[in-house]
Amino acid sequence: MKSLYDFTYDQMGDMALEQGWKKFRAHQIFQWLYRKRAVSIDDMSDLSKDTRETLKQQFSLTPLKLRDKQVASDGTTKYLFALEDGSLIESVLMQFDYGKSICVTSQVGCNMACAFCASGLTKKKRNLTSGEMVAQVLYVQRDLDKQEDRLSHIVVMGTGEPFDNYEHVMNFLSTVNHDRGLGIGARHITISTCGVVPKIYEFAKEHTQYNLAISLHAPNNELRDRLMPVNRAYPLEELMEAIQYYARENNRRLTFEYILLRGVNDQKEHVAQLAKLLKGLNAYVNLIPYNAVDENGFQGVDHAHAMVFYDALMKQGVRCTIRKEHGADIDAACGQLRVKHLKKEQEGSRS
Ligand code: SAH
């Protein structure tokens, strides 16, 4: 069943007109969902009983159920949700000095098959609907409501490739960004892509204020082909051309994500290659500590080595930061909690 969370503000207006209602009713519903955070359609007390019945017959309000929740000592909270079809997804709440951020899942599983990533261990089952992404944010926001706190940032960096589910992701962001929705500022929203080049062009043309992050992880094609199969379809030359285009169209600073993998992409030559690749771009590199995934044998680097890499990059004129680790004492790596539960389920069905 379609969820009321699937509608952007404009789509809600069209829906109201289709039902033969005034547009204002859509405005009311939207406010109930996002301002008053109604948990059922019956909560919407200024709608007539007939209207509520009509809504209930056509739309649901509960696209997800909590299955597990882990809280780390630094406050990082991992939520495992079951969707209506039983699929499992994760969302993560992270605490920063500047506010609270949620990491949202965009697909059930992922087809990008990056060699170092836990999400790639399970193939994509389907795209999430926009409502299923909205519901992740609302669930976590409701938890924060209890402490009179609010989410200030969103990163679309959970399981899945957002640019492989472009339309739903853009609709989702429109809803959470809308000032009648959750009102989370576009500049506080980041979409991370592994480099689906045609969608980078499409995104560039939309001129939104959302931040774009590119998962780079390797500064040459040979290595990137090995780590990220998407590079075989869209090699670095094409990716960088798309990024140059984005940069010309949008006056926004770009982020490049770079996981430091011991002995793989952390050598001097990689510093030089990175510097050459990013020259002249309004960008910075976010060096990411690797969350080891048992299955695939990669290892991270220690902090001292990360600092050496950082210093060398800065010396070459590349701005960079080292990402702080979050939730080190829980299953915080992308897709880890989900994979653990899937394994448990499989073992359960075998025994
Ligand atoms: N598909 C998108 C968004 C999801 S992944 C993308 O590739 O950007 C979000 C980020 O987490 C990516 O930079 C990804 O490479 C990184 N990542 C994946 N597995 C990781 C791990 N085990 N430890 C640290 N970062 C990881």
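Quick reminder: no glycine exception, Cβ is built from N, Cα and C everywhere.
Here the structure is a predicted model, which means the values were calculated and not measured.
Per TrEMBL, these features apply:
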ACT_SITE  Glu90  active site, proton acceptor
ACT_SITE  Cys334  active site, S-methylcysteine intermediate
BINDING   Cys110, Cys114, Cys117  [4Fe-4S] cluster binding site
BINDING   Gly160, Glu161, Ser192, Ser215, Leu216, His217, Asn291  S-adenosyl-L-methionine binding site
DOMAIN    96-323  domain 'Radical SAM core'
Segment confidence, the domain 'Radical SAM core' (96-323), expressed as mean pLDDT: 95
Among Cys114, Gly160, Glu161, His217, which are recorded as binding-site residues, the nearest neighbour of Glu90 (active site, proton acceptor) by Cα: Gly160
Sparsest-packed among the binding-site residues, when each Cβ's other Cβ atoms within 10 Å are tallied, from Ser192, Ser215: Ser192
Cβ-based isolation winner (fewest other Cβ atoms within 10 Å) among the binding-site residues Cys114, Cys117: Cys114
Cys110 ([4Fe-4S] cluster binding site) and Glu161 (S-adenosyl-L-methionine binding site), distance between Cα atoms, whole Å: 7
Cys110 ([4Fe-4S] cluster binding site) to His217 (S-adenosyl-L-methionine binding site) - Cα separation in whole Å: 18
Annotated binding-site residues Glu161, Ser192, Ser215, Leu216, filtered by Cβ under 6 Å to ligand 1: Glu161, Ser192, Ser215
Inter-residue Cα distance where the pair is Cys117 ([4Fe-4S] cluster binding site) and Gly160 (S-adenosyl-L-methionine binding site), in Å: 11
Euclidean distance between Cα atoms of Cys117 ([4Fe-4S] cluster binding site) and His217 (S-adenosyl-L-methionine binding site), Å: 12
Alpha-carbon distance [Cys117 ([4Fe-4S] cluster binding site); Asn291 (S-adenosyl-L-methionine binding site)] in Å: 9
